[in-house]
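The domain 'MTTase N-terminal' feature in TrEMBL is assigned to 62-170. Annotated domain 'Radical SAM core' per TrEMBL: 198-429, in sequence order. What TrEMBL lists as domain 'TRAM' is 429-491. What TrEMBL records for 556-576 is transmembrane segment.
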Amino acid sequence: MPAACESVLEDIEDIVSAEDLKPHDRQFVRRNVFPKVRKRNSQKKVQTDDEPPSDSIIPGVQKIWIRTWGCSHNNSDGEYMAGQLAAYGYKITDNSAEADLWLLNSCTVKNPAEDHFRNSIKKAQEEKKKVVLAGCVPQAQPRQEYLKGLSIIGVQQIDRVVEVVEETIKGHSVRLLGQKKDNGKRLGGARLDLPKIRKNPLIEIISINTGCLNACTYCKTKHARGDLASYPVEELVDRAKQSFQEGVCEIWLTSEDTGAYGRDIGTDLPTLLWKLVEVIPEGAMLRLGMTNPPYILEHLEEMAKILNHPRVYAFLHIPVQSASDSVLMDMKREYCVADFKQVVDFLKEKVPGITIATDIICGFPGETDEDFQETMKLVELYRFPSLFINQFYPRPGTPAAKMPQVPAAVKKQRTKDLSQLFHSYNPYDHKVGERQRVLVTEESFDSNYYVAHNPFYEQVLVPKDPLLMGKMVEVSIYEAGKHFMKGQPVSDAIVHTASISRPLAKGEVSGLTEDFRRSPQNGTNWKAQPSAEIPVRAQFSSWMALQLPLQQDRGGLKILSVSLALLAVLVMFYYGGMKTEL
């Protein structure tokens with residue numbers, strides 16, 4: 001795709017020449033932009049002020065399609081970018097064909113995810129769409145050939161997405177890949193109080209930290225997310241409070257490794273969790289994200305107490321990856337199989353009924369048949385109800401990619417064997433006939449049921465009764481499958497409403513302050529609306545000026561300085577003229 005310029009930058013202003021407008025100057029000069037006058041057929045629809053001609057390049061009015069791949073952390077980033085763009089006035093659309101710009105938010109964990117990302121870029125170019133790339137793929141390898149000439153927003157720069165989109169629409173290729181720092185110390189990322197559009201208005205995804213402390217030989221995400229950087233406890237608690245005030249009834253804590261939270265800022269995960277449970281209203285729930293064995297080992301007693309809390313799901317995702325110590329050593333996982341078993345055994349004893357989910361990589365370089373059989377025995381022992389099976393893919397630039405590889409046919413067969421073992425048992429059959437308390441949060445993929453989760457974060461399908469959505473209700477389990485149960489609300493069930501306020505509408509922008517919501521627009525008070533109808537570019541510009549670091553407002557400061565200098569000259573000229581007359 002042709003571009004006016006391309007560079008890897010710490011700051012967007014570096015691409016702008018002396019003659020070009022700075023990103024923060026545009027609000028002062030839009031009055032001088034005159035759209036092309038077009039003759040209209042009287043039978044055609046009259047175009048409104050909010051719908052400029054289709055060939056207009058005025059930023060802030062285009063339609064944007066956002067596609068996200070990967071983990072919940074990536075999904076949270078996508079929600080934040082959608083919220084900022086919608087708050088500024090862009091229309092977020094689910095129809096890729098009608099969009100003017102595609103924002104592609106990538107995942108670098110496995111080859112197939114990057115292949116989908118690459119194919120989407122190619123399709124966008126074929127359809128003559130503007131493209132902005134985000135996520136871990138371009139952050140980790142921005143100089144790949146298929147990324148050439150395209151705009152990139154780094155994983156720690158998502159609060160600058162409006163500026164990158166604006167410049168891309170104007171024909172520039174912009175790349176913001178820098179790290180956020182405070183006095184030289186790396187920060188967790190963009191602010192948590194940015195506007196966002198939740199994919200599910202009932203679920204808030206909070207990234208508690210970015211990066212990790214490990215150096216796994218197969219991991220490409222480390223190249224993108226970097227070393228551990230945690231958000232302060234008080235900021236995370238404030239974000240949770242705000243979410244509940246917007247009708248959220250379930251919070252997911254996510255990161256590359258939640259167990260390592262706080263080690264860089266002098267705190268730890270249990271401290272954060274105890275502060276969070278204090279603000280969770282009755283009927284709402286908290287789900288903890290993935291944690292690696294080494295860090296949870298240090299807090300087993302406290303974690304067991306927290307996972308027994310009535311407003312915390314008794315669920316933990318602990319990736320083991322392999323049951324062979326020699327393979328774990330080659331992976332540089334920093335634990336042995338005995339450590340993993342200690343964590344699982346302790347939690348299963350202290351938290352009755354807890355769900356332990358885990359990950360396994362099949363065919364890691366050097367894995368022998370004996371190594372793989374140890375992994376099969378581990379799965380047979382614990383019969384994990386949730387098991388993520390991954391065939392090994394060598395990721396470019398990782399140490400594992402340079403190791404002697406297991407033949408593809410062997411990797412494929414081991415993946416098949418483990419999958420067959422996993423599907424040989426049904427973890428929920430013994431629960432038929434139970435009465436369970438469940439929280440209803442979404443619709444099933446086939447649209448035939450609502451999806452709820454019981455206290456162990458096991459999936460329960462319930463009837464599609466709109467009165468149940470966002471509520472906690474008691475159900476009777478009448479059927480069980482491999483990945484779910486089905487429940488019917490009991491006649492004497494007490495329905496709990498977790499939300500302390502009305503949930504936001506789907507597509508409505510979250511994170512806007514009351515002052516922002518009440519800002520005058522055309523002489524009236526503006527109320528938050530679904531993203532397709534948000535006419536608030538002027539207010540968002542003011543909000544950006546308050547929220548972004550001062551260093552990002554150099555353009556505005558320059559205008560202010562020039563204006564003051566001109567005013568001083570005029571005053572001197574005026575008083576000089578008066579002295580001459582006297």
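Cβ coordinates are placed from backbone N, Cα and C, and glycine is handled just like the others.
Note that the structure is predicted; figures quoted are calculated from it, not measured.
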Original post:
For the domain 'MTTase N-terminal' (62-170), what are the DSSP-based totals of helix, strand and coil residues?
Top reply: 56 helix, 24 strand, 29 coil
Subject >> Residue counts (helix, strand, coil, in that order) that DSSP gives for the domain 'TRAM' (429-491) >> reply: 6 helix, 32 strand, 25 coil
Subject >> Predicted model, mean pLDDT over the domain 'TRAM' (429-491) >> reply: 96
